[in-house]
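Contents: one structure, followed by commentary.
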């Protein structure tokens, strides 16, 4: 599943190409993509048409288009004081938001982190993608001469779109479906000390809490393992048994590892995670723990181990990250 760095790469790629553009037309081809919107896919497409994209926002793993000029997203709701509504996007396990020109190829000047798409890759996307679930055509922005198309491609169909009103949470305006999500480590108002206080009060394993989006958002399995390796903490340690300095190291390591991943375009293990131009990130080359079972720890040389945790795999160094006695 795309985690914070991957979703932020998508947000940053989308924003300069959609900001200020009016949605000329919209299509939602899959009812699964609209499954959280009770009126259905056709009604969602009709709601989107005519809205102006004021900006693209993100919190944790959630992405949204801030729309001006769209009607209220649900009966009885209203746009906020600034006349805005939101289209919330969750990428699920395999969702991709791809920017194209209206002829079908990638927009030429989409900023990318690494590499250049090959001619073959461009040609492959010239025809509609077989996993295309929804799309927008956006008209010219001031100073632009061409329309662009945004495609939502989702092979496994766990992703979704949802029109929603904005609400105020702790002085920040966010779409209603995101209101329960905690600030993420890349948020300018992220409070390390506040998160440490919450962690210190919990008896759950530290990795379980890192994955809890109501405690700190955006961290998934990959970056939890990487942060714990950097902080030299085993994921099965109960949070309340860790010192405040140790918890601070964990939280700061999570922030640092995601900043490093963001600088490298995110982590891609297959073709399912790509940026808006269809290109993969390369932070997988820099992983210290995740996916490296049986390989030597880059810090001490001990072989990395793999263990089951919460129906997923955890990777750790048994020497650098001492297993608590109560852990299996």
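Placement of Cβ uses the backbone N, Cα and C atoms for every residue, glycine included.
What TrEMBL says about this protein:
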- 2: active site, schiff-base intermediate with DNA (ACT_SITE)
- 3: active site, proton donor (ACT_SITE)
- 61: active site, proton donor (ACT_SITE)
- 312: active site, proton donor (ACT_SITE)
- 129, 156, 202: DNA binding site (BINDING)
- 2-159: domain 'Formamidopyrimidine-DNA glycosylase catalytic' (DOMAIN)
- 288-322: domain 'FPG-type' (DOMAIN)
Helix, strand and coil counts within the domain 'FPG-type' (288-322) (DSSP):
0 helix, 12 strand, 23 coil
Between the Cα atoms of residue 156 (DNA binding site) and residue 61 (active site, proton donor), find the distance and write it as a whole number of Å.
17
Please compute the mean pLDDT of the model over the domain 'FPG-type' (288-322).
96
Report, as numbers and ranges, which residues of the same chain sit near the domain 'FPG-type' (288-322): CB under 8 Å and 6 or more residues beyond its ends.
205, 207-208, 211, 221-222, 225-226, 228-230, 232-236, 269
When a 10 Å sphere is centred on the Cβ of residue 2 (active site, schiff-base intermediate with DNA), how many other Cβ atoms does it contain?
27
Site with most surrounding Cβ atoms, counting all protein chains shown within 10 Å, from the recorded positions 61, 129, 156:
61
Pairwise Cα distance maximum in Å, DNA-binding residues per record: 129, 156, 202:
46
Taking the Cα of residue 61 (active site, proton donor) as the centre, which of the recorded positions listed as 2, 3, 129, 202, 312 lie within 10 Å of it?
2, 3
For residue 2 (active site, schiff-base intermediate with DNA), the one of 129, 202, 312 that lies nearest, given that the recorded positions are compared by Cα:
312
Where residue 61 (active site, proton donor) sits in the secondary structure, as DSSP reduces it to three classes:
coil
Could you give the Cα-Cα distance between residue 202 (DNA binding site) and residue 312 (active site, proton donor), in whole Å?
22
Of all the recorded positions given, 202, 312, which has the fewest Cβ neighbours within 10 Å once its own Cβ is left out?
312
